[in-house]
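Asker: In case it's useful when we look at the structure, here is the feature table from Swiss-Prot:
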type	residues	note
BINDING	Arg20, Arg69, Thr100, Lys161, Arg265, Val266, Arg267	GTP binding site
BINDING	Cys27, Cys31, Cys34	[4Fe-4S] cluster 1 binding site
BINDING	Tyr33, Gly73, Ser124, Met195	S-adenosyl-L-methionine binding site
BINDING	Cys260, Cys263, Cys277	[4Fe-4S] cluster 2 binding site
DOMAIN	11-235	domain 'Radical SAM core'
Amino acid sequence: MEKNPQALVDGFNRKVDYLRMSVTDRCDFRCVYCMAEDMQFLPRQQILSLEELYQVAERFVALGTRKIRLTGGEPLVRQGIVELCGRIAALPGLRELCLTSNGSQLGRLAQPLFDAGVSRLNISLDSLDPERFRALTRTGDLKQVIAGIDAARAAGFRRTKLNAVVLKGRNDDEIVDLVRFAIDRELDISFIEEMPLGVISEHERGESFCSSDDVRNRLAEHFTLVESAESSQGPARYWRLAEAPSTRVGFISPHSHNFCATCNRVRLTVEGRLLLCLGNEHSVDLKQVLRQHPGDSARLEKAIRDAMQLKPYRHHFEVGGEVQILRFMNMTGG
């Protein structure tokens, strides 16, 4: 491993070299596990400007961050997103600029994003049934999303991966079909355990929870799964399919197999809070530093370094019971 004297290290000697940045809390979908249907979004003055987002990215890269992922909300509804991607991708030392999307805007933006320097895309796809897709997203058009997926494939990204949040009784019967869809397009796919963020109304999380082990066991009835040591620097554990070597299946398991011991990431919310853990409220207000001391990169760097010592060893997600994290996923950075 290369040594960087500037590298960020937390209090448990974990190297932090991956930043997830939310560029907006807004989204053109209202997914049932992500936000309330009548979600009230932040006023413009409360969110970081594109320049402020860039300043944070620049300091993190100077401190050894090698991977940045832009998230939302839906990042592609933020005006100026392609230009922001171009500026961040050009930062010396950054190895990968990635982006997570619901796919709705990729038909028009996939190629510009690739040209700007985005190397990897994650695209959410929870169902292949148009009516069910609409029910899960409340507003989404499956045909439009599939067109976006195909546009991403044509653009030439280093890697395009599908993400599916599995909910028992709502879409768990589509697990095999989703993998076959990924195989047909030579894409990777990850199945994600639902995360207990925010108060939701459409289902009980304890009843809808579907573990990664359950998903994997069902897939093993149809495919030959071969465990892989490959990593994307994120939380997913990957398996190869003997029948389809071009497709990997990943499992993101915050409940059943938490990945806290090797956590290498922090999150920036669009309102400038640096979250040290997805499942805790530990945070540092970087917006205050940016606005009270504009252009002071040394002060911003110190705030980032000091924040690392607040990073807890692990989260304490619970499947059932009272919700402990009240912020919704779109406010966190999905």
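Residue positions begin at 1 at the first shown residue.
Using the three backbone atoms N, Cα and C, a Cβ is placed for every residue, glycine included.
A description of the local structural setting of each listed feature is requested, covering burial, neighbours and distances.
Answerer: Cβ neighbour count for Arg69 (GTP binding site): 23 (other Cβ atoms within 10 Å of its Cβ, all protein chains included).
Neighbour count (other Cβ atoms within 10 Å of the Cβ, all protein chains): 21 for Met195 (S-adenosyl-L-methionine binding site). The secondary structure of Met195 (S-adenosyl-L-methionine binding site), as reduced to three states from DSSP, is coil rather than helix or strand.
Over all protein chains present, the Cβ of Cys260 ([4Fe-4S] cluster 2 binding site) has 17 other Cβ atoms lying within 10 Å.
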Asker: Mind telling me which of the binding-site residues Cys34, Cys263 has the densest Cβ neighbourhood, counting other Cβ atoms within 10 Å?
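Answerer: Going through Cys34, Cys263 one by one, the largest Cβ count within 10 Å is at Cys34.
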Asker: Near Val266 (GTP binding site), which of the binding-site residues Cys27, Cys31, Tyr33, Met195, Cys277 can be found within 10 Å, Cα to Cα?
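Answerer: So the list reads Cys277.
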Asker: Helix, strand or coil at Cys277 ([4Fe-4S] cluster 2 binding site), per DSSP?
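Answerer: Going by the DSSP assignment, Cys277 ([4Fe-4S] cluster 2 binding site) belongs to neither helix nor strand, so it counts as coil.
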Asker: Which ones, of the binding-site residues Cys34, Ser124, Met195, have a Cα no more than 10 Å from the Cα of Thr100 (GTP binding site)?
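Answerer: Among Cys34, Ser124, Met195, the ones whose Cα sits within 10 Å of that of Thr100 (GTP binding site) are Ser124.
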